[in-house]
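Visitor: Following this message is one structure expressed as structure tokens.
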């Protein structure tokens with residue numbers, strides 16, 4: 001049994017006061033329409049048609065690479081008119097119709113609507129809400145059958161009291177759409193062609209109307225302005241947080257936790273406030289993430305501690321390692337078991353060996369550091385000569401004294417020691433002491449200048 005999908009995405013979204021279409025506003029780091037497309041793609045439809053209008057090129061660019069047919073609605077004359085533009089591109093099968101600005105609709109709810117709607121039925125997704133203001137109302141007869149959908153601007157006082165609303169999501173066979181869409185008239189306050197009129201046509205043709213409901217009310221919430229967008233962001237994030245907590249993770253405050261990608265978690269983790277997850281992140285068991293941390297496209301193994309105000313991007317933090325506070329681990333780092341990237345340490349494309357420590361105020365770039373090394377405060381690997389990047393290699397058990405500069409390319413041998421304040425531009429053999437700084441002198445005849453006093 002095949003399925004076509006129509007996503008309506010032609011609206012301007014004037015209340016967003018933006019230079020991009022409403023459906024390209026972002027929620028959890030994805031555009032609204034990407035959320036919708038991701039949900040319908042899981043239904044494995046034969047084709048997806050997106051009806052565009054305002055700034056159509058931007059919408060097409062955002063969905064580039066997906067198996068989507070774009071149809072341009074030159075004049076925004078209503079939802080019925082929009083679906084009519086898509087009609088020639090649909091196959092002779094059931095059609096699922098939904099909106100590009102309703103981002104939280106789940107695949108499960110859509111699948112239920114499609115599966116329970118026969119080819120000769122009209123499927124309608126409705127919901128009961130406490131505040132139906134601004135939404136189309138579902139009107140039923142005395143037997144409970146749906147008779148029509150009335151938009152709020154066209155509703156009378158009695159109809160405005162109805163709390164069952166139209167979500168705008170339908171499932172109907174193309175054959176019925178071919179019959180009904182040309183019959184829609186713009187005889188309403190807005191002078192638009194409402195898709196909701198197909199309810200009236202279905203009743204007239206004695207077509208059975210199949211009504212289903214969403215699992216959660218938030219799934220059918222649309223976005224018209226930035227206030228609604230922010231509210232929906234919190235709904236999304238709270239829902240994600242609850243799913244994560246159900247897997248055995250403690251979150252200090254679910255209202256101050258953001259996932260902008262995918263998070264795979266182990267058990268007994270602790271996540272403090274204002275943590276942001278970007279891209280694909282995996283946490284092992286017993287991981288502790290301090291406040292104000294950002295984790296992006298990284299793997300954090302068991303028993304790791306990421307202390308507050310730290311960032312880990314595109315790297316692996318091995319079991320029992322410690323990062324932070326105020327540390328930045330940039331892409332392509334591998335922090336081995338029990339190693340320490342301490343406060344105000346930045347690492348980029350660096351391997352920090354098992355048990356090694358860089359505890360304070362250090363830059364490690366393009367480096368390979370062995371096991372059980374000590375990198376003192378203020379150490380800098382000088383990896384860039386103005387044109388190319390070069391590598392620093394430090395052997396196991398090496399000791400790099402504070403405030404030293406290692407001019408790459410350079411090798412520090414196993415067990416070697418670099419004296420504090422040294423600038424090392426040549427390789428240091430194993431177990432040697434390297435020191436390069438001016439000899440200390442004491443000048444016993446020196447006198448401190450006397451401050452001039454005001455006259």
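Using the three backbone atoms N, Cα and C, a Cβ is placed for every residue, glycine included.
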Visitor: So Swiss-Prot lists 377, 383, 384, 420, 437 for acetyl-CoA; which of 356, 402 goes with them?
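Guide: Site partner of 377, 383, 384, 420, 437 for acetyl-CoA, according to Swiss-Prot: 402.
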Visitor: Hey, of 101, 224, 402, 420, which of those binding-site residues are within 10 Å of residue 8 (UDP-N-acetyl-alpha-D-glucosamine binding site), Cα to Cα?
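Guide: If one measures from the Cα of residue 8 (UDP-N-acetyl-alpha-D-glucosamine binding site), the binding-site residues that come within 10 Å are 101.
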Visitor: What counts of helix, strand and coil residues does DSSP assign across the region 'Linker' (227-247)?
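Guide: In the region 'Linker' (227-247), the DSSP-based counts are 19 helix, 0 strand, 2 coil.
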Visitor: With DSSP assignments reduced to helix, strand and coil, which class does residue 384 (acetyl-CoA binding site) get?
Guide: strand
Visitor: Roughly how many Å separate the Cα of residue 101 (Mg(2+) binding site) from that of residue 330 (UDP-N-acetyl-alpha-D-glucosamine binding site), to the nearest whole number?
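Guide: Between the alpha carbons of residue 101 (Mg(2+) binding site) and residue 330 (UDP-N-acetyl-alpha-D-glucosamine binding site) there are 35 Å.
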Visitor: Since the record lists 101, 151 as binding-site residues, which of them has the fewest other Cβ atoms within 10 Å of its Cβ?
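Guide: So among 101, 151, the binding-site residues given, the one with the fewest Cβ atoms within 10 Å is 151.
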Visitor: Can you tell me the CA-to-CA distance separating residue 374 (UDP-N-acetyl-alpha-D-glucosamine binding site) and residue 360 (active site, proton acceptor), as a whole number of Å?
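Guide: The Cα atom of residue 374 (UDP-N-acetyl-alpha-D-glucosamine binding site) is 11 Å away from the Cα atom of residue 360 (active site, proton acceptor).
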Visitor: Comparing the recorded positions 78, 360, which residue's C-beta has the most other C-beta atoms within 10 angstroms in this structure?
Guide: 78
